Amino acid sequence: MRYTNRLGQVVLAGGLLGYGYYGLYLPWADPRNVPNTLDPHYFRPFTLRSRRDLTHDTALLQFDHQPTAALPIDQPGIYSVDVKDPTMQVKRSFTPIVSRWFETNRDDNPTTPAGPNAMWTNDRLEILVKRYPLASVAQMLHRTRKGATAEIRGPFLEWAYTPNRYTHLALIAGGTGITPMYQLIEQVLGNPEDRTHLTLVYANRTVSDVALREQIEQLQARYTDRLSVQFTVDQSPANERTGLELAKGGPGYVFGYLTKDVLAQRLPSARPTDKIRTMVLVSGPDAMMSAVCGERLLSGEQGPVSGILRELGYTSEQVYKL
């Protein structure tokens, strides 16, 4: 998930307009009062069902979700939601972890890719949240207790995906930038008609910082012919390193920074052929984005490809910055 996407944008609430709105409509008829149901136009209350700490500063929050609500989804892809901090009237975008989009008329085949009038059939909405000192929305979510609510709206399409359009998808993630990649991985692997191969390179400071490690390892073990995984850890105690080096099976670890050599060994060739069509998605902290592919422009546009991926020969048509 891109870190600057709608981050810090101020949500203005016009007091007089709001008063007039409620004067015209009964409270229970207000579309914003529908709980646990996604809508891209309105923030709605979602009840926190559970919370699980994944690392010392990252938690997986699971909210109730009504799976009967039709969503404006007309194609597969990476989708985000907005979460609002009502005390400061700011919002931030998050990529839900669980994101299997199904067609409403294909209940007999839940692996069918999304199409017109698709629905999010899960009864839960899971968001991975990392606590940052100055991030009010993240701090608010970490303080939210079971049974309390958070205001959420969406979904919003971040990147459109067409099954089998590419022969190889290379996913480079850092920190909580794993969330859009994990959403896409589940979506691709969940479609038996999609034969796209996936390579995930996931960078973190320490082994303890690797979020969703167990889930990723399970997917890699189940789809060994379609998913390749490489973890990179630039800081790791000797005991952690020894244990991982002795471990057999599962994704491999590279101890050190995310370098040109590491990516050159893991990524497919940048040269397209009749049989090879490659796309690289990158999501992570600003420093990683700058080194790997260059940051997005302040306007939100992709901007030119620079850094390691440019040195490896990838073009703007082959790289997308999330």
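Each residue, glycine too, has its Cβ placed from N, Cα and C.
Features of the protein shown, as given by TrEMBL:
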type	residues	note
BINDING	ARG92, LEU128, LYS130, VAL137, THR179	FAD binding site
DOMAIN	41-162	domain 'FAD-binding FR-type'
TRANSMEM	7-28	transmembrane segment
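Averaged across the domain 'FAD-binding FR-type' (41-162), pLDDT for the predicted model comes to 81.
Within 10 Å of the Cβ of ARG92 (FAD binding site) there are 24 other Cβ atoms, across all protein chains.
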